[in-house]
Amino acid sequence: MVTTQECLRYLQTGAVTKGDADISGKGVILAFLISAYVSFTAVLVAYVTGMLEDELLTTVDRRIMRIKSRKDKHPRIHETIQHIVLLLSDQQIVTGIAIMAAGFVGLRGGQMSVYHYQIVLYLAWLSSSVHLSALTLLRPFLNKHQGLRAWRLLGMIVLFFMLIVGLVPTVSYDWGTIYSPEADTSLPDAIQPTGWGIPAICFWGKTYGDGFNDDAPIGYLILIFSYVWKMGDLFVSPRNLYNRTIRRPLENFIAKTLSVFARRYMQDGNALWLWCFRGLLVIWIPLVAFMEAMASFSASLWLSVLGLVFGTIQIVIPRYQNLAQTAAQESEWGFGQLVPLVLLVQPIGAISEHAWIRQGGTIESNISEPVRRQTAGSSTSDHGPESEPLVDDQDRHLVTPRRLVEVLGQRQASYEMPAEIASRSTVFMNTVLSSRLFGSVIAILHITILGAACVILSFDAQSIGYQRGQNWTYALIAIGVYASASWLAVLIFGPYSRLGRKPSRRRATLQHETLGLQKLTPSSS
């Protein structure tokens, strides 16, 4: 066991990293990376080709990303992809738990270096990221097989707490630095003491003089948020709770504030109310776009791919920096390197068997019709605006407005209409989601995420071992870029979009006549 005095000495002088092929050998790392990237590719292919259930797609996926469910046309392909993702996701959760358990054993013994603990931690991070996106794709299947869902949830919870605890040593600003204050940099690289060779146990619950890494809270927030998000998404109740307590009230509040100015403009035609209406759109449309994008399947893909690339960088760069000291042990193809790669054949065999041997029925064939109806019924509550009609049959005689100011102006005055038809939030969301301007704001969001990811990940790749604690700055800049770009887009193009365009004279006249008829019509009560 390493003493406190030895840790203090190591922090000043560093230590030479010793190779460990069982943790960071070529075969081990390749096996993890291949499995993780194949799993993500399978989920991505399922999304792009539409080989997934329609209940997994939101309005953003359908209208903006142009993804349509084609599983009914190609049930065999859908079943095969589902089986691939199911098999590989199981492998990810098991290997993630196994390698974290091995890492804790090495950490407690005091023999595992910072370098090898970094490899262990982010191999498990890779497994976690891929498994979360796979669970999103498998949600309908797991809802029908609650026993399978239960043990996967147990595995997720175990891996989640392992990662939470496993991140504790990495919060120190001195974690993973190459050169220590008193290191002799004139020595050859093969015997140069670095911060990577320090025993990882030295950082357990200790930050020393340099304090916390500024990016440490971000790692915890991302981990907690992603797990709560994806675990809650497996159940109908949390999704309905989110819709009732957060999403629907916020949408209704936005529609209510906009309808105040829309109604006044429709009553007297004063341009001031129209510009106040447009000003509120500048604030609310980017917020609605963010909420809808986060609810879409594409958000799950972003979560997975960013976790994959980030984890890969945290593994590959430290391994490259330590090659001069570890290459002799970790670059040879021995028993411990070949076995993980050979074990990848087992999933390939199972997948081939499922794809080419005709079975008596599909995965869904054994599901009873009541369960199928229950699942279908629960899925409609997740779609939000698209699950509710814009105009009911009994409302056909009314003017059907296309521009948002007409929509909110008419609906606010339609007191005699049924609640599900007069709902401001429902009509508001249907109009917003069908506009090109909203699609442009969604595109701005995706471009911002891509740009921020490139900048942050590039900085990580260049600064590992030298500098830490700058990611939060770039993240805040990215938020500012999205807010500014989306506000500017709505401000400039809003007056020319259905969201902010004023109604034509003919439609405005019809609108006033319709509202007058509604006031004259006696209530049915």
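Placement of Cβ uses the backbone N, Cα and C atoms for every residue, glycine included.
Because TrEMBL annotations are produced automatically, they should be read as predictions rather than curated entries.
Note that the structure is predicted; figures quoted are calculated from it, not measured.
Features reported for this protein in TrEMBL:
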TRANSMEM  28-48  transmembrane segment
TRANSMEM  119-138  transmembrane segment
TRANSMEM  150-171  transmembrane segment
TRANSMEM  218-236  transmembrane segment
TRANSMEM  272-291  transmembrane segment
TRANSMEM  297-317  transmembrane segment
REGION    368-393  region 'Disordered'
TRANSMEM  437-459  transmembrane segment
TRANSMEM  471-496  transmembrane segment
Segment proximity, the transmembrane segment (437-459) to the transmembrane segment (297-317), 3 or more C-beta pairs under 8 Å: yes
Stretch in 28-48, 150-171, 218-236, 437-459, 471-496 most in contact with the transmembrane segment (119-138), if contact is a CB pair under 8 A: 28-48
Residues from the same chain, set at least six apart from the ends of the transmembrane segment (272-291), whose C-beta lies under 8 A from its own: 247, 250-251, 254, 257-258, 261-262, 264-265, 404-405, 429, 432, 437-438, 441-442, 445, 482-483, 486-487, 490-491, 494-495, 499-500, 502
